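Student: These came from TrEMBL, pasted as-is:
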DOMAIN    44-157  domain 'Plastocyanin-like'
DOMAIN    170-321  domain 'Plastocyanin-like'
DOMAIN    435-567  domain 'Plastocyanin-like'
SIGNAL    1-31  signal peptide
Amino acid sequence: MFCAYLSMRGFIKAMFLMLFALMILPELAHGKHARVTRHYKFNIKMQNFTRLCQTKSIVTVNGQFPGPRIIAREGDRVVIKVVNHVQYNVSLHWHGVRQLRSGWADGPAYITQCPIQRGQSYVYNFTVIGQRGTLWWHAHISWLRTTLYGPIVILPKRHVPYPFTQPFREVPIVLGEWWKADTEAIINQATQTGLAPNVSDAHTINGLPGPVSNCPAKDTFKFKVKPGKTYLLRLINAALNDEMFFSIANHTLTVVEADAVYVKPFSTKIVLITPGQTVNVLLRAKSKAPNATFAISARPYATGPAAFDNTTATGFLVYKKPSLSSNKSNTKKLPLLRPVFPKFNDSVFAMNFHNKVRSLANARFPAKVPKTVDRRFFFTVGLGISQCSKNQQCQGPNNTRVAAAVNNVTFVMPNIALLQAHFFNQSKGVYTTDFPANPPFKFNYTGTPPSNIMVSSGTKVVVLPFNTSVELVLQDTSIIGAESHPLHLHGFNFFIVGQGNGNFDPKRDPKKFNLVDPAERNTAGVPSGGWVAVRFLADNPGVWFMHCHLEVHTSWGLKMAWIVQDGKRRNQKLPPPPSDLPKC
């Protein structure tokens, strides 16, 4: 009997251990090397929203504005089914995601896919490899990204800490623009007349412009903090056409990440962020709740000759008081403190701020900047004019229109996706591979413009063999007017090895390149009247768009594409397209 009891006790113990193992194994499976598939469904639909005392119908994802947040961990697979219920053709881009061997999911219309037509759907399927931090998604056709955008939060692998203070809370802060009018009508009218489109009516913080006279106070973003706590603010500039200064009155921000890459922390009162860029900052709340409300403000940094929206978006940073002292009548009477910004065109501040952004460049997070270069390119970026067709009535001199170009080539969008034409060897009549590695002629790029400022046009690309190391110098020009241009490269991060004012000097400037801890980004601001030099390794087969992230300049043609050929190994080749790839 006693032996039977021991036997039964041993059996129960064994069963308990087995059940315990089954309970903890899933947790272990979610450890550092686990890969989870995260599913999202995005219904593109019209929804009424009221801003600036006026209601209008806008294009949204799932009726939300800004759109839903995508959350994943490094190494996760993300599957997003997008269903188009609106009258417009739609495509979505997952800005900054490397898309290693998943170029079919990158999203720019007529570059990697035909757009999703009304009543159709497409499943974007990609894996987040070697990235963690803040990125974002947005529409990538016409001007639909005015309202079609949202955050992407990539957390580190489980049990892997941040290389900075663990925050008490994380908050996405998305900067945007708001037009009272229909933005599709605005860009269509500008395309017909050849003139600049109307500027926005307001800037927004998380979709809200802030206090506007005679408009409801609910249009203001409010951020409540606890004294002494540290917060991680995930800043995203989703504005169409404006670089932005961001600041919180009487508070210091610590920059710890840029474009989903950790950086050497540095403190600043003001963050400069171009459209397309993301910046993570730590905000440490004051140890005691002050008797004040602090403005969270964003206003434009503008260097070009054209008009711009000079409004300031405002939110409120409010300290939580002990419950005994909380009183609504008291909080309303608290003084509002506002930050002090540089001048709207302070290019010196801009240069200094960007120079502070440096990679960690340590053993855990190395800066893998190419030390040697296989191909060198020198691209001028700027404005010009182009001839309108005879059946158009453009309002520029002699029936011309404003254009934008890279190396004097204004890019013409194809009628089918470049990636399909490349993959199936059907490039004839779609694109040519003669994009110039240098401008057609030399001139004083930032001085007196040449007499002839007409641009050429074409669907031209650069072809790179797999694993080519590239050095690219982007030079602003003063044609029509010098201006800062945020250039975004799809499919890659690049290292910003140098930047400067005036014309790039190929003999003297490379000697000062930073090959130790340069900033690693996916979007870089070409300084107004200056240049920036970047390096990247072409290790991702596919077709990759590069364009100015000021949407007005993209519309005018400041864009081009790189084709990276397959490598020799199986894991260096682009797989075939998915069966549901949209048709043109």
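Every residue, even glycine, has its Cβ placed from backbone N, Cα and C.
Just so you know, TrEMBL annotations are computer predictions that nobody has curated.
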Student: Pop the mean pLDDT for the domain 'Plastocyanin-like' (170-321) in here, whole number is fine.
Tutor: 96
Student: Write out how many residues of the domain 'Plastocyanin-like' (44-157) are helix, how many strand and how many coil, based on DSSP.
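Tutor: The breakdown for the domain 'Plastocyanin-like' (44-157) reads 6 helix, 58 strand, 50 coil.
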Student: For the domain 'Plastocyanin-like' (435-567), DSSP counts of helix, strand and coil?
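Tutor: Counts, helix then strand then coil: 10 helix, 60 strand, 63 coil.
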